[in-house]
Amino acid sequence: MTVTQLRSAGRLAQLAGHVNGARQFSTRPALRKELQDAYILSAARTPTAKFNGSFLSVSAPKLGAVAIKAALEKSKVPVEKITDVYMGNVLQGSVGQAPARQAVIFAGLPKEIEATTINKVCASGLKAVTLAAQNIQMGLSEAQIAGGMENMSQVPYYVSRASGLPAFGHVKMEDGLIKDGLTDVYDQFHMGNCAENTVKNHNITREQQDEYAIQSYRNAQKAWEDKAFADEIAPVTVKSRKGETVIDTDEGFKDVKFDKIPSLKPAFVRDGSGTVTAANSSTLNDGASALVLGSKAIAQQYGSGSRVLAKICGYADAATAPIDFPVAPAKAVPIALERAGITKDQVAIWEFNEAFASVILANSKILGLEGAKVNPLGGAISLGHALGSSGSRILTTLLHQLKPGEYGVAAICNGGGAATALVVQRVESV
């Protein structure tokens with residue numbers, strides 16, 4: 001028998017063994033790891049600047065770098081323990097390649113640290129935190145950084161390469177901020193129109209929205225007066241021809257005339273039935289926030305004395321029809337609570353993103369949170385809504401309010417019809 005014939009015979013015998021069930025499988029037991037607990041060791045945020053305000057010349061990644069650097073310093077975690085950074089960033093036109101990577105390098109972190117940019121619209125920053133938490137829970141990393149960043153003031157206007165530009169004459173441009181940040185792609189109208197739909201579906205009045213907005217501003221003003229944000233703020237040094245200016249305070253909460261709010265015209269529906277105005281909606285802003293997450297071992301070693309040390313108890317995403325995005329948190333929150341093993345009555349403080357006053361009013365109504373501590377220090381209406389940062393910003397603010405033992409929930413809706421929610425418990429030590 002030739003060599004070729006021997007090989008063929010061996011192959012036939014092998015195939016026959018498969019057919020007759022003689023195939024051999026490994027008897028080694030599968031490797032299994034128990035899910036680990038993930039903790040938050042520190043959280044920091046830049047002030048939130050007004051649209052075309054103090055951060056006009058500071059890119060989103062550079063704002064992110066300030067937040068990352070501050071959070072890392074507060075955490076006491078050695079930088080060599082950090083393996084990955086996740087940063088939310090929504091409006092990436094003209095920001096440059098890999099915004100999260102830029103933030104890592106601008107923060108002075110080692111170039112060996114991997115970075116990933118997350119775009120889940122307004123929920124980007126909170127989604128970034130859940131992704132980092134998953135890596136730690138699965139034992140893939142000891143420590144990670146997560147957060148978000150946005151500079152809405154720097155978003156460019158667009159001219160499509162496929163527009164067939166004329167040799168001469170006028171050229172039509174699109175506002176990148178409206179197109180990629182503020183418009184429902186499917187119905188082709190503003191996010192505010194979705195809020196108007198929520199108002200009608202849940203019988204929310206103009207007066208209720210205005211009252212909520214006024215309370216948001218008053219809460220924010222009192223919070224700043226009481227220095228409630230002092231521990232979470234990472235000042236930003238802005239350079240200009242006149243020298244350097246240190247920005248250490250949110251810019252929008254003072255700019256309100258309460259007597260004018262009830263008389264403002266609706267901003268989105270102008271047929272006489274609209275109720276959503278510039279005052280009872282969030283503002284356009286620039287800012288960043290970041291948190292350091294670690295395993296139980298990291299929390300035990302470096303978490304002592306942390307102002308915000310907390311265990312991540314559960315989190316969830318949920319989706320709705322795009323037009324119903326304002327009430328998506330009401331779907332995500334119950335799932336997150338169930339995964340955390342607690343009920344809503346055990347939650348001490350709730351932080352919902354105030355995209356619109358109607359978002360808080362509708363979700364509070366659906367979830368039965370009337371009378372609960374919701375956004376006690378103000379929210380996106382008064383403090384600002386820097387899209388990619390907002391999810392991690394509300395979590396940062398939540399953590400600085402909780403006392404050891406207390407549970408808190410951060411929840412945020414996002415364009416396209418979805419939301420992310422996260423449950424934490426403050427702990428004194430691990």
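Numbers here mean position along the shown chain, with the first residue as 1.
Just so it is clear, glycine is given a Cβ too, placed from its N, Cα and C backbone atoms.
Quick look at what Swiss-Prot annotates:
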type	residues	note
ACT_SITE	C122	active site, acyl-thioester intermediate
ACT_SITE	H385	active site, proton acceptor
ACT_SITE	C413	active site, proton acceptor
BINDING	Y217, A278	K(+) binding site
BINDING	K260, S282	CoA binding site
BINDING	N414	chloride binding site
TRANSIT	1-32	transit peptide
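Remark: K260 (CoA binding site) has A279 as non-local neighbours, by Cβ distance under 8 Å and separation of at least 6 in sequence. Calculated from their C-alpha atoms, the gap between C413 (active site, proton acceptor) and C122 (active site, acyl-thioester intermediate) amounts to 7 Å. Distance from the CA of S282 (CoA binding site) to the CA of Y217 (K(+) binding site) is 11 Å. When the recorded positions C122, A278, S282, N414 are screened for a Cα within 10 A of the Cα of H385 (active site, proton acceptor), the ones that qualify are C122, S282. Mapped onto three states, the DSSP output places K260 (CoA binding site) in helix. Candidate recorded positions: C122, A278, S282. Nearest to the residue listed as 'chloride binding site' by Cα distance: C122. Within 10 Å of the C-beta of S282 (CoA binding site) there are 27 other C-beta atoms, taking all protein chains into account.
The two recorded residues, A278 (K(+) binding site) and C122 (active site, acyl-thioester intermediate), have Cα atoms 18 Å apart.
Taking the Cα atom of each, S282 (CoA binding site) and C122 (active site, acyl-thioester intermediate) are about 12 angstrom apart. Secondary structure at A278 (K(+) binding site), as computed by DSSP, is coil. Look at C413 (active site, proton acceptor): DSSP puts it in a strand. Candidate recorded positions: A278, C413. Fewest other C-beta atoms within 10 angstroms, A278. In sequence order, V90, N353, A355, H385, L387, S390, G391, I412, C413, N414, G415 make up the list of same-chain residues 6 or more apart from C122 (active site, acyl-thioester intermediate) whose Cβ falls under 8 Å from its Cβ. Counting every protein chain shown, 26 other Cβ atoms lie within 10 Å of the Cβ of H385 (active site, proton acceptor).
N414 (chloride binding site) is surrounded by 27 other CB atoms, counting those within 10 A of its CB over all protein chains shown.
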